[in-house]
Amino acid sequence: MSTKKKTSAKKSSEAEGTGTAELTEAEILEMQDSMSSEWGEGAPRKAKAFWPSALRLAGTFREHKLGLAVVLAFGIVSTVLTVWAPSILGDAMDVIFDGFLGDGVEFGALGRLLLIVLGMYVIAALFDWLQGRLLNDVVMDIVYDLRERIEAKVNRLPLSYFDTRQRGDLLSRTTNDVDNVQTALQQAFASLVYAVLTIVGITVMMFWLSWQLALIALIALPISGVVIGIIGAKSQKLFTAQWRGTGRLNGHVEESFTGHDLVTVFDRQDSMREQFDTRNEELWEASYKAQFYSGMIMPIMQWVTYLGYVGIAVVGGLRIAAGQMSLGQVTAFIQYSREFNAPLGEVAGMANMLISGVASAERIFELLDAEEQEPDGQITARGPVGGASSAEAPGGRAEATGAGIVEGEAGSSAPAGRIVPRQELTGPTRGRIEFDHVAFSYTPEKPLISDLSLTAEPGQTIAIVGPTGAGKTTLVNLIMRFYEIDAGEIRLDGVDIRALDRGAVRSRVGMVLQDAVLFGGTIRENIRYGRLDATDEEVVAAATATFVDRFVHTLPDGYDTVIEDEGANVSAGERQLITIARAFLADPALLILDEATSSVDTRTEVLVQEAMAALRTDRTSFVIAHRLSTIRDADVILVMEHGDIVEQGSHDALLAAGGAYHRLYWSQFADGVDPDEDEAVLEGTTTGPVPAVAATEFEAE
Ligand SMILES: Nc1ncnc2c1ncn2[C@@H]1O[C@H](COP(=O)(O)OP(=O)(O)OP(=O)(O)O)[C@@H](O)[C@H]1O
């Protein structure tokens with residue numbers, strides 16, 4: 001076996017070059033992290049700053065001081081009784097021993113002592129149980145509060161927080177880490193309280209009985225410490241190697257599963273199998289060594305402990321012979337020295353759990369400390385308020401200043417840090433949107449929108465076109481107030497949207513995105529999500545207007561069809577239609593549409609187009625447009641490049657201007673594609689031939 005392992009280890013280094021992508025150290029550590037909790041093995045996760053985080057975690061107990069004091073008091077009572085009992089048992093033994101040597105055993109005295117011991121153990125057990133119950137209650141309260149705080153916090157975090165973090169990581173912080181803290185507090189804390197009290201109690205009793213024997217018993221401690229230190233460090237390294245091996249093997253397996261088709265096509269099964277064997281054997285070897293070394297710790301510690309017993313027995317015997325101690329005292333002492341190791345082992349076992357719990361608490365604190373979005377009504381306008389273009393916009397400036405949202409005149413530079421006073425929109429929303437010299441960037445290092453102005457009159461359809469990364473989605477994100485702008489103003493019906501509650505802005509806007517988001521309920525529920533108090537008739541009316549009704553009738557359960565796995569049982573186009581119906585039912589004053597250009601068959605595509613057109617009627621709509629028909633019919637076309645609007649106007653006006661839009665349009669049709677062909681697309685992926693020129697000009701930037 002070992003020869004085989006050696007040859008394969010050699011093979012492994014040869015195979016490395018041709019092998020699958022190796023995992024980085026960070027990935028291995030991450031994997032180790034996630035697996036250690038699942039498999040209960042491996043090195044514990046460590047906090048970046050253990051003590052500050054541990055103290056802060058301890059700080060969460062502050063509100064439960066009284067409960068904790070009672071837990072501690074119960075713990076002390078239970079431990080004192082448990083620690084005291086062996087000494088009384090020793091007295092009982094002396095009564096028996098003296099009775100045998102003298103005039104017979106005094107059963108009355110013996111019975112009294114035994115009853116006392118029994119009573120002590122019963123009371124100790126009762127207090128121990130009470131302490132456990134109370135601690136559980138306290139910990140559950142603490143974790144309940146923690147969950148509440150996390151939930152509230154997540155709702156106050158800006159979208160940019162989620163952009164920069166992995167969803168899985170956030171999910172893990174809010175679920176696994178909280179569970180981990182709960183387990184650590186419940187188990188490790190209880191054990192630590194028990195262990196510390198017991199160790200202190202037993203040490204006191206041992207020194208009280210005989211300091212010489214106590215020293216012999218305690219000498220085993222540093223010896224055990226050295227053993228654990230040396231072997232522990234070695235096995236820690238081996239465990240890391242084991243995790244690295246696991247990581248590499250998992251990486252390989254994952255790659256061969258996901259790339260199965262590729263492997264088959266290139267006929268690489270043999271080399272993949274060879275690599276698997278190599279990694280599997282590497283893992284076997286690493287695991288074997290890790291288990292071997294870590295398995296040595298316990299027997300060596302046992303051996304050291306037994307050596308201690310021998311020392312105690314010998315010296316204890318000599319002291320009995322010399323009349324310095326009674327047999328009962330030495331027996332009690334041996335009992336103490338046996339009990340001494342149990343809490344020590346428990347502390348060692350719980351240390352990992354505690355370290356891991358503090359690491360989890362640290363991750364939760366990081367989340368709780370994250371910078372929040374400014375609360376509604378206290379929004380700080382950071383940059384200057386512009387005004388030139390909006391002053392020219394009909395009605396725009398007058399309404400804005402009339403509404404008293406901004407201090408100072410239009411066009412003036414407002415001082416940074418000015419609070420925008422809260423406003424409310426009264427009456428029906430007209431849907432007028434103005435961007436007034438808006439500047440925005442996701443990160444300060446990468447400026448995006450520098451000076452953007454536009455006005456969308458109520459009921460107008462605004463088509464946004466431009467190359468990928470031009471800022472089309474960003475524009476609609478700003479309307480939705482998913483992000484706060486750096487300078488300028490965005491006004492809805494003349495009111496700075498920062499003066500409104502975010503909810504008030506978003507409730508007036510309907511969004512239909514390319515990725516139709518459906519949840520796992522029925523079609524009816526998914527549509528009703530647009531307006532929860534809508535009647536069944538209204539749901540069906542919305543579905544009929546948006547062609548959902550048609551395909552719903554072909555489904556066996558009709559509107560009660562449950563959407564599976566994010567919509568696996570309805571096609572992509574049908575999903576999109578359902579989201580359109582949802583927006584239709586919500587009847588928002590403003591609409592944001594992202595036209596789908598892919599994964600929809602031509603017939604459904606036409607329906608989607610018509611449904612979107614129905615939805616746009618009588619409301620201000622911003623369409624991230626891909627289809628010429630939409631663009632041509634739009635009241636205003638915004639041509640965006642590098643975060644700014646390089647051109648805006650109607651189709652005819654822009655064509656006549658001969659600028660970027662003109663270039664786009666003619667490059668699109670230069671190869672003789674019929675300009676009246678409505679199905680043609682600007683960014684070129686769905687239907688109809690799209691000349692390469694167009695793709696180059698609008699996508700390759
Ligand atoms: N959440 C974000 N955080 C940081 N940068 C972002 C974020 N979202 C987009 N960006 C960057 O901002 C720029 C504009 O992106 P945006 O999504 O608005 O472009 P787009 O015109 O909608 O592109 P596409 O047509 O590909 O969707 C891009 O450079 C993009 O990388």
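Cβ atoms are placed via backbone N, Cα and C, with glycine included.
Residues or ranges marked as region 'Disordered' by TrEMBL: 1-23 (among others).
Within its own chain, the transmembrane segment (66-89) has Cβ neighbours under 8 Å at 113, 116-117, 120-121, 123-125, 127-128, 130-131, 134-135, 137-138, 141, 193-194, 197-198, 201-202, 204-205, 209, 328, 331-332, 335-336, 339, counting only residues six or more beyond its boundaries. Feature annotation from TrEMBL assigns transmembrane segment to 66-89 (among others).
The feature domain 'ABC transmembrane type-1' is assigned by TrEMBL to 69-356.
What TrEMBL records for 109-130 (among others) is transmembrane segment.
The annotation transmembrane segment is assigned in TrEMBL to 188-208 (among others).
The transmembrane segment feature in TrEMBL is assigned to 214-233 (among others). Away from its own ends, the transmembrane segment (214-233) comes close to residues 203, 206-207, 293-294, 296-297, 300-301, 304-305, 307-308, 311-312, 315, 333, 336-337, 340, 344, 348 of its chain (Cβ-Cβ under 8 Å, at least six residues beyond either end).
Annotation comment: TrEMBL describes 303-322 (among others) as transmembrane segment. Panel annotation: around the transmembrane segment (303-322), residues 210, 212-213, 216-217, 219-220, 223-224, 227, 330, 333-334, 337-338, 341 of the same chain, lying at least six beyond its termini, place a Cβ under 8 Å from a Cβ of the stretch.
Marked as region 'Disordered' by TrEMBL: 372-398 (among others).
Summarising the annotation, TrEMBL assigns domain 'ABC transporter' to 433-667. This prediction places the mean pLDDT of the domain 'ABC transporter' (433-667) at 85.
Tertiary neighbourhood of the transmembrane segment (188-208): same-chain residues 71-72, 75-76, 79-80, 82-84, 86-87, 131-132, 135, 139, 214, 217-218, 332-333, 336-337, 339-340, 342-344, 346-347, 349-351, 353-354, 357, selected by CB-CB distance under 8 Å and a gap of 6+ residues from either end.
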